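Trainee: Here you go, one structure.
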Amino acid sequence: MATCSTGCAPAVRLCQRLNRLKTLDGDMMATSLKRCLSTLDLTLMGVGGMVGSGLYVLTGTVAKDTAGPAVIISFVFAGIASLLAAFCYAEFGARIPKTGSAYMFTYVSVGEVWAFLIGWNVILENMIGGAAVARAWSGYLDSIFNHAIQNFTETHIMQWNVPFLAHYPDLLAAGILVFASVFISFGVQVSSYLNHIFSTISMGVIAFILVFGFVLADPANWSQEQGGFAPYGMSGILAGSATCFYAFVGFDVIASSSEEAKNPQKAVPVATAISLGLAATAYILVSCVLTLMVPWRTLDPNSALADAFFRRGYSWAGIVVAVGSICAMNTVLLCNLFSLPRIVYAMAEDGLFFSIFARVNPVTKVPVNAILVFGILMACMALMFDLEALVQFLSIGTLLAYTFVAASVIVLRFQPEKTNSKDTTTTSPNVNAEVSPAPSESQTITEDSEEPKQYESFSDKLQLVERQTTRERRGVGHLKAYWEPYLDRLLGDCEPGEVVAFCVMTLIVSSVSLCAVLEFGNEQLQFPVWCFTMLLVIFTLAYVLSLALIWIHEPQRNNQTFQVPLVPLTPGASILFNVFLMMKLSLLTWIRFTVWIAIGLLVYFGYGIWHSKEGLRELQPKDMAARYVVLPSGSLVETVQSVQPDGQVVTSAHQISSPTAAEAAGKR
């Protein structure tokens with residue numbers, strides 16, 4: 001047994017290192033960045049991140065190919081699903097006002113390696129997203145000038161026919177990214193002002209589209225002669241919801257900016273709610289206007305709004321729509337360039353990524369190195385690569401981040417607050433100050449077991465012996481009072497929050513299994529009906545039972561910051577919906593995702609795990625750590641451990657007389 005324990009020790013230490021949690025400072029508002037963003041600034045950032053080119057392209061595509069005029073209902077469902085994820089981000093952004101978004105939230109609740117992988121995927125997601133928007137911006141502007149820029153580049157500069165590369169270098173897309181990166185490096189206020197300008201113009205154009213579009217609306221376009229309101233039925237509405245869901249993925253820029261907000265506890269939840277409401281309203285009303293102006297079968301997927309006004313005889317309105325589209329794409333571009341360097345900065349600040357990106361300019365108070373380096377990398381991607389094949393990769397990174405954030409909300413909600421480690425250590429072997437008070441009933445030690453029990457601190461932990469006779473007040477992570485008589489014997493011995501953490505893991509596994517059966521059970525796997533039904537029942541019961549077991553535990557109750565309502569139901573539903581959408585992605589996307597994860601693990605094990613500040617904090621020497629062993633006789637043995645920098649522990653012990661229960665009673 002000893003040999004097995006010795007052999008397993010390195011694996012146990014590795015698991016502990018991989019799953020160590022980030023230690024947060026006492027002052028959550030302390031930062032090297034500049035806190036200058038108001039609620040309005042964060043709201044406009046959220047609107048700018050969500051209301052982009054999708055408003056001008058996605059609405060027409062989904063209406064024509066997937067849902068018809070019922071695209072309105074698709075956006076309603078997608079908005080509700082996005083609200084579930086937005087609630088989780090809003091709670092974390094208010095509770096932990098630090099930059100890093102999903103990476104930071106995962107680090108403080110799930111573990112280090114999982115946080116790194118989430119951050120690693122979010123980095124690629126923002127890079128591809130920014131490069132794709134830049135190419136769309138370039139292509140849209142080029143189309144206004146009858147593709148003169150593309151023709152000039154192919155004729156006078158160069159073109160190539162290489163797989164995964166664009167047909168020609170998109171100098172305009174690369175130039176706008178470099179130009180925007182330079183502007184953003186001037187400071188967060190400059191970025192905010194630019195976003196204000198473009199967001200204001202974009203919202204003005206949307207208002208114009210709505211007012212003028214409803215004037216031109218023709219209800220006959222929803223009639224049965226044109227196919228009706230929902231020509232593809234409920235399946236088309238749900239398929240459209242899955243596509244429309246990605247129109248709302250930009251709200252996480254608000255959480256990424258929480259470290260630069262003046263009052264993040266209030267501003268982050270309010271800005272998230274308002275921006276998501278405005279974006280959903282814009283998408284729903286524009287979809288309504290678009291399908292009422294012209295028959296949905298005749299929509300042009302590439303430029304539906306501009307084409308709709310042109311066909312109604314108002315070609316000049318297409319110029320207004322083009323201006324709004326370019327401004328909307330500018331806001332999305334700014335949001336990508338704004339949030340990406342801050343995630344890189346957060347990872348570098350924690351030691352998991354190269355330290356050069358953790359440097360903050362003393363004048364502008366922004367991570368200039370991260371902004372410029374990743375802005376140039378994004379420009380290179382937009383310059384050379386054909387990103388159409390990689391755009392679907394954006395979805396898997398976003399959905400994975402949403403899933404981990406939702407799981408983190410559940411874990412932290414039922415996890416007791418950590419106590420300061422200083423309370424459990426002493427700097428001297430002298431414990432007279434700890435044991436000097438006269439023994440009382442709470443200090444009386446009566447143990448029937450033969451084995452000694454260890455407690456980290458005499459003053460804080462000795463009274464735990466009395467739990468056999470005196471029931472303590474229930475805390476966070478314990479069973480609720482109503483359920484204790486029924487389940488205490490089964491779950492009472494678990495540590496607070498331990499059952500919840502296990503149930504969260506079961507929740508994710510059952511969600512993946514349930515969605516896999518629904519997606520692949522009938523066609524690809526060809527299960528018999530009885531097998532398909534049985535698997536659905538088993539995984540559904542596992543999912544529901546996990547939620548029920550989480551619910552019967554005591555949660556944290558914090559009235560000072562925003563909290564997600566209906567936990568664990570809200571984050572549990574978000575996890576299930578995100579996993580369902582991930583199952584809809586193609587096999588090629590999963591293969592690319594696996595390759596990117598493998599590269600990320602090489603970076604983590606090659607650099608991050610060795611430079612992690614949490615790991616370095618564990619190696620810092622501690623003067624003395626006193627532990628007390630309770631003997632069956634009632635006496636104490638004090639074990640003083642001197643922790644050396646190389647991890648060696650020098651232990652000495654001596655016995656401290658302590659009155660037994662009978663002696664203490666006699667003295668009284």
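Glycine is no exception: its Cβ is also placed from the backbone N, Cα and C atoms.
Please treat TrEMBL annotations as automatic predictions, because they have not gone through curation.
A quick note: this is a predicted structure, and the numbers were derived from the prediction, not measured.
Residues or ranges marked as transmembrane segment in TrEMBL: 70-90, 102-123, 171-190, 197-217, 229-255, 267-294, 314-338, 391-412, 499-521, 527-552, 564-583, 589-610 (among others). Summarising the annotation, TrEMBL assigns region 'Disordered' to 419-453. The annotation compositional bias 'Polar residues' is assigned in TrEMBL to 422-446. The feature domain 'Cationic amino acid transporter C-terminal' is assigned by TrEMBL to 562-612.
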Trainee: Relative to the transmembrane segment (70-90), which of 197-217, 391-412, 499-521, 527-552, 564-583 accounts for the most Cβ pairs at distances under 8 Å?
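Mentor: Going through each listed stretch, the top one turns out to be 564-583.
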Trainee: Go through 102-123, 267-294, 314-338, 391-412 and flag the stretch with the largest number of C-beta pairs under 8 Å relative to the transmembrane segment (229-255).
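Mentor: When the Cβ pairs under 8 Å are tallied, 267-294 comes out ahead.
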Trainee: For the transmembrane segment (171-190) against the transmembrane segment (314-338), do we get 3 or more Cβ-Cβ pairs below 8 Å once near-sequence pairs (under 6 apart) are dropped?
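Mentor: These two stretches do touch.
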Trainee: Could you tell me what the rest of the chain brings near the transmembrane segment (391-412), counting residues at least six beyond its ends with Cβ under 8 Å?
Mentor: 84-85, 88-89, 91-92, 95, 101-102, 105-106, 108-110, 114, 118, 121-122, 124-125, 128-129, 132, 246, 249, 252, 497, 500-501, 504, 507-508, 550, 556, 564, 567-568, 571-572, 574-575, 578-579, 581-582, 585-586, 589-590, 592-593, 596
Trainee: Which residues, given as numbers and ranges, are at least 6 beyond the ends of the transmembrane segment (102-123) yet have a Cβ under 8 Å from it?
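Mentor: Contacts of the transmembrane segment (102-123) (Cβ under 8 Å, skipping residues fewer than 6 from its ends): 17-22, 24, 89, 92, 96, 252, 255, 340, 343-344, 346-347, 350, 352-353, 374, 396-397, 400-402, 404-405, 407-408, 411-412, 415, 593, 596-597, 600-601, 603-604, 608-609, 612, 614.
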Trainee: Tell me the residue counts in helix, strand and coil for the domain 'Cationic amino acid transporter C-terminal' (562-612), as DSSP assigns them.
Mentor: 40 helix, 0 strand, 11 coil
